[in-house]
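Novice: Structure below; questions to follow.
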């Protein structure tokens with residue numbers, strides 16, 4: 001069967017977006033892995049699925065699958081692309097939409113020239129909300145790694161779990177070595193996204209993220225939210241912060257006790273069609 005899709009990206013964090021309202025398809029783990037292959041498939045960090053909502057207050061249901069086929073709760077760069085996609089495909093004429101995710105409701109607002117502002121919901125910090133194994137809540141936790149190496153982390157759930165550590169320079173940070181150890185650490189029973197943040201000043205940080213089930217990506221929207229909120233909680237950052245990632249910049253806003261707002265661009269790369277039979281086992 002032929003499957004129509006759109007390739008999009010948010011700051012280089014790239015997606016295959018599929019409308020399963022107007023067409024039908026079954027995409028299992030192995031099929032998603034084959035589609036994600038950058039040599040033999042479409043190639044992407046995440047697959048984004050548009051479905052009818054299960055709850056009356058939502059306009060759409062938004063499902064996210066990593067390149068390894070695992071389904072995750074949230075993707076910040078993805079929800080911006082999702083919002084642009086449903087509007088450009090005329091699935092809605094709204095510019096403010098309500099989207100159901102595994103993590104709850106998010107509310108993207110479409111702006112000009114592909115920019116989207118998203119209400120990302122409330123951050124969570126308690127260990128059981130991440131989830132993270134700890135005897136009691138603390139401002140920072142020490143994580144033991146291989147070769148007697150320890151790092152200090154904050155933990156934040158932005159619809160998906162994040163560990164944030166501050167580094168002197170993101171360019172020299174050992175993301176490839178430390179990232180997988182943090183992602184798969186036994187204290188994170190559902191694995192975790194590992195963020196490495198360099199504070200430039202109180203309104204500007206640089207960030208690299210090793211994403212759960214993907215590896216390091218050019219940008220991570222929920223990771224940017226988690227890092228900014230972590231810095232704000234520590235008193236290091238103002239309430240509105242520019243987060244600089246390899247793929248570009250996001251603006252993150254947060255007030256204690258309120259929702260997190262993320263603003264950033266989207267890019268529509270191309271529309272495609274493929275014969276799904278070649279990717280199914």
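A Cβ is built for glycine as well, from the same backbone N, Cα and C atoms used for every other residue.
According to Swiss-Prot, the protein has these features:
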ACT_SITE  75  active site, proton donor
ACT_SITE  220  active site, proton acceptor
BINDING   13, 46, 66, 76, 77, 160, 193, 211, 212, 221, 222  substrate binding site
SITE      270  site 'Important for dimerization'
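A description of the local structural setting of each listed feature is requested, covering burial, neighbours and distances.
Specialist: For residue 75 (active site, proton donor), the same-chain residues that are 6 or more apart in sequence and have a Cβ closer than 8 Å to its Cβ are 13, 46, 48, 64, 160, 221, 222.
Sequence-distant contacts (6 or more apart, same chain, Cβ under 8 Å) of residue 220 (active site, proton acceptor) comprise 13, 76, 77, 193, 195, 207, 209, 211, 245.
The number of other CB atoms found within 10 A of the CB of residue 222 (substrate binding site), across every protein chain shown, is 31.
Around the Cβ of residue 270 (site 'Important for dimerization'), a 10 Å sphere holds 8 further Cβ atoms from the protein chains shown. Secondary structure from DSSP puts residue 270 (site 'Important for dimerization') in a beta strand.
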Novice: Including all protein chains displayed, how many Cβ atoms other than that of residue 212 (substrate binding site) lie within 10 Å of its Cβ?
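Specialist: A 10 Å sphere around the Cβ of residue 212 (substrate binding site) contains 23 other Cβ atoms.
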Novice: Output, ordered by sequence, the same-chain residues six or more apart from residue 66 (substrate binding site) with a CB under 8 Å from its CB, or 'none'.
Specialist: 45, 46, 72, 211, 212, 213, 214
Novice: Report, as a single number, how many Cβ atoms besides its own are within 10 Å of the Cβ of residue 13 (substrate binding site).
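Specialist: Other Cβ atoms found within 10 Å: 30.
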